[in-house]
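Novice: Pulled the feature table from TrEMBL, pasting it below:
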DNA_BIND  127-222  DNA-binding region
DOMAIN    4-119  domain 'Response regulatory'
DOMAIN    127-222  domain 'OmpR/PhoB-type'
MOD_RES   D56  4-aspartylphosphate
REGION    220-252  region 'Disordered'
Amino acid sequence: MPCKILVIEDEEHINELICINLETAGYEPVPFFDGDALFSHLQEIPAPSYDLALLDVMLPGKDGFELLPELQAQQIPVIFLTARGDLHSKVKGLTDGAEDYIVKPFEMLELLVRVEKVLSRFQKKVEDCYRIRDVEIFPKERIVQKAGTVIPFKPMEFDCLLLLVRYKNIALSREQLLQMLWGVEFDGETRTIDVHVGRIRKKLGFQDVIKTVPRIGYRLEDRPEEEMPSPAASHMTDQAAAPSTDTPEESP
């Protein structure tokens with residue numbers, strides 16, 4: 001059952017973009033655009049009914065700081081997601097009990113990583129096995145099986161596959177993959193990612209599962225093509241909500 005995440009954001013295009021990316025990543029987003037509406041909703045539901053809340057500060061009606069204790073009373077962890085980037089607001093949000101504080105504009109991938117981290121701290125999303133078609137990936141054991149047969153993977157190949165699977169349906173740039181794999185800014189040749197992806201495709205028969213996204217990197221698809229969002233929708237920041245002008249996806 002997917003984690004239910006409240007998205008409390010009054011700007012419709014930003015709210016919609018966040019919800020699209022959360023849904024693409026396998027979560028169940030529930031949008032709210034007004035602080036008073038959320039407050040009324042919280043009084044009517046049992047606790048806890050949601051796994052996480054993404055909360056703007058500046059809202060019509062009750063603001064985010066007023067809503068924080070109401071969400072905490074429902075045992076819902078909170079990530080502030082706001083344009084208020086001054087030190088006083090950050091300190092207030094975190095000392096009042098928010099789990100994280102993200103300032104707009106932000107990268108969607110960064111948001112998804114932070115969401116996953118908070119959910120894992122609250123043990124809301126524990127994946128013992130990821131399944132893509134006839135492939136099973138066991139993160140703890142670092143084992144990959146295809147149709148029940150163990151497929152040998154080198155450590156970096158396994159880590160690369162796991163990142164693509166954890167953030168399935170999201171376009172990841174080569175630079176992002178390198179940074180997440182090595183934990184530092186990478187200032188060298190990105191071809192190493194192409195080599196790893198090529199080996200993963202060959203070992204698992206994932207030529208049509210791991211897509212090349214022109215001028216960006218790669219995306220692992222795990223649902224019908226007609227349901228997929230555009231590469232732009234899964235790679236934009238909330239500052240740039242206009243459709244991308246990228247050309248259609250091509251095979252590598």
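Glycine is no exception: its Cβ is also placed from the backbone N, Cα and C atoms.
Describe the structural context of these features.
Specialist: Broken down by DSSP into helix, strand and coil, the DNA-binding region (127-222) contains 35 helix, 23 strand, 38 coil.
Mean pLDDT across the domain 'Response regulatory' (4-119) comes to 93 in this model.
According to its DSSP assignment, D56 (4-aspartylphosphate) is coil. Long-range neighbours of D56 (4-aspartylphosphate) (same chain, six or more residues apart, CB within less than 8 Å of its CB): I8, E9, D10, G64, F80, L81, T82.
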